[in-house]
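Take a look at the structure below.
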Amino acid sequence: MNKLNLGILAHVDAGKTSLTERLLHRTGVIDEVGSVDAGTTTTDSMELERQRGITIRSAVATFVLDDLKVNLIDTPGHSDFISEVERALGVLDGAVLVVSAVEGVQPQTRILMRTLRRLGIPTLVFVNKIDRGGARPDGVLREIRDRLTPAAVALSAVADAGTPRARAIALGPDTDPDFAVRVGELLADHDDAFLTAYLDEEHVLTEKEYAEELAAQTARGLVHPVYFGSALTGEGLDHLVHGIRELLPSVHASQDAPLRATVFKVDRGARGEAVAYLRLVSGTLGTRDSVTLHRVDHTGRVTEHAGRITALRVFEHGSATSETRATAGDIAQAWGLKDVRVGDRAGHLDGPPPRNFFAPPSLETVIRPERPEEAGRLHAALRMLDEQDPSIDLRQDEENAAGAVVRLYGEVQKEILGSTLAESFGVRVRFDPTRTVCIEKPVGTGEALIELDTRTHNYFWGAPWVCASDRPSPARAITFRLAVELGSLPLAFHKAIEETVHTTLRHGLYGWQVTDCAVTLTRTGVRSPVSAADDFRKANARLVLMDALGRAGTEVHEPVSSFELEVPAARLSPVLAKLAELGATPGVPTAEGDVFRLEGTMPTSLVHDFNQRVPGLTQGEGVFLAEHRGYRPAVGQPPVRPRPEGPNPLNRDEYILHVLKRV
């Protein structure tokens, strides 16, 4: 049986989870369609999801269409949970992007479609809520072509839009006399061979040839079929199901190839054990199999660790069922991988590590328990949540051991995190105000040398070496290079030094993560048997690295976002004034009828505040879209983040005193 891993994506409240329910009902998986408002949906299983009526974590359900097994992945719609969407994108074969026929194309819709197109993921568009008052299918189709993709092709139309009688009508040669021309011209734009056949007057293309070319170009992500319907009533669902079965590319991967799988979700079982969700790309996986997990950290380093599968479930007909083996194309739940994390790749590692599709969180906050004696429970709970969502980048609070620092996309995510800790772990917490996460970049090259030898009245046996810090490629990487013979130190010492380089550069001269930095080890020495790898890990590496970094100097960079803004002509002046007040850099406005479009950049820290002001500034008619676009040097006094508790490697004497417990 062929398999299709299908993602359902949408702006919040477009009806994504309702569509998932309707698909599961249509294919016989569930007897009754659940309601988001009533908290009875299949994929929103968390209590918080049911209470708030939003999807917070990706969920999997399975149905069968003839000889096609579809693993349906329902993803969050709110932008604060974009990291869940990112993890789902990495395992998809195709997607359905849901758009409301009333609200139309929203900012989050545009971000999602840009990413789907950039990744080449075959995508169908489903315009939902055609039966709701205010539905405007023709206008939304124009928005899709103007704002999402010019290669949108409508395969259905709507009669009696905006009423309970709304109907979806399939478009084709029998119902639309212009269908062949409209579809043929679009397909000819993307394929020269089809263009030649289309223009050949001696050969009239058949309906089958049009259908085959449409399927081929949809599978390549070149065109995007659009369907209309209502998840509430089920109208138009048959057309969408036909598109899923006939237009999206299914997988029939080799089971004889080496195992390759990706962990895209981690849950906890009833006894607190880790449960990994894996999408198998090739090969097979079964109970009692030994597995090698490959993990890529934020600097690009790859580490390996082993695990053994103690139990395995494969998704079949709605929910996971016990199986002995999962095969290529399956999504499986695996028990026994104690050290598993989201993003790990299992089995054979080939090709570069997966890159991030969306920007990392640009905000961070400090969490503290309301009752100090619950600090241990708080940290244990946060470690479990960090396994499930590594983007929160959990670390110890530098100023208070009872607290912890996490990274966030927005205030809604912070609210959900607080509710999760209270309701799932019994720990009530308070948050500090959020702050923007900056980075540091070296501005020059620095060298340092430290010789530590008790015979010269220094503090411990160590190694003389030099570290240079400069700007390498690729961007945002930390690279560690050897300019010495590998045998100049025991291998454990080299590993200790490299590990320490990466951990030390999490806090630069101003306390921020250092990026775009190359570190070169140019001299080494060891006096056996007194020197130990821990000497290099605790002191030598940190001291000499921070000394070299100080000589090179660093510059703090703040995150910056690009923005697009649509403003009624009458409200352009106050909007420009507010942008100037906030320190944004707008471009030249362009007029389109009675609306002005404006592009520019602004510090990411201002995006949330400005987005909240747009309705008031534009009398409810403005549209604002912002995306992370990188970093730029911070203006004015560089912001400083407190360093971790403990000895400060920027103060050599203090650091040695604390690390070695002697003078």
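Each residue, glycine too, has its Cβ placed from N, Cα and C.
Annotated features, as they stand in Swiss-Prot:
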- 1-252: domain 'tr-type G' (DOMAIN)
- 10-17, 74-78, 128-131: GTP binding site (BINDING)
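Distribution of Swiss-Prot features across the structure.
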residue : record           : CB count, 10 Å
Ala10   : GTP binding site : 26
Asp13   : GTP binding site : 17
Lys16   : GTP binding site : 26
Thr75   : GTP binding site : 27
Ile130  : GTP binding site : 29
Helix, strand or coil at Thr75 (GTP binding site) [DSSP, three-state]: coil
Reduced DSSP assignment, Lys16 (GTP binding site): helix
Assigned element (helix, strand, coil) containing Ala10 (GTP binding site), judged by DSSP: strand
Mean of the pLDDT scores, which run from 0 to 100, over the domain 'tr-type G' (1-252): 85
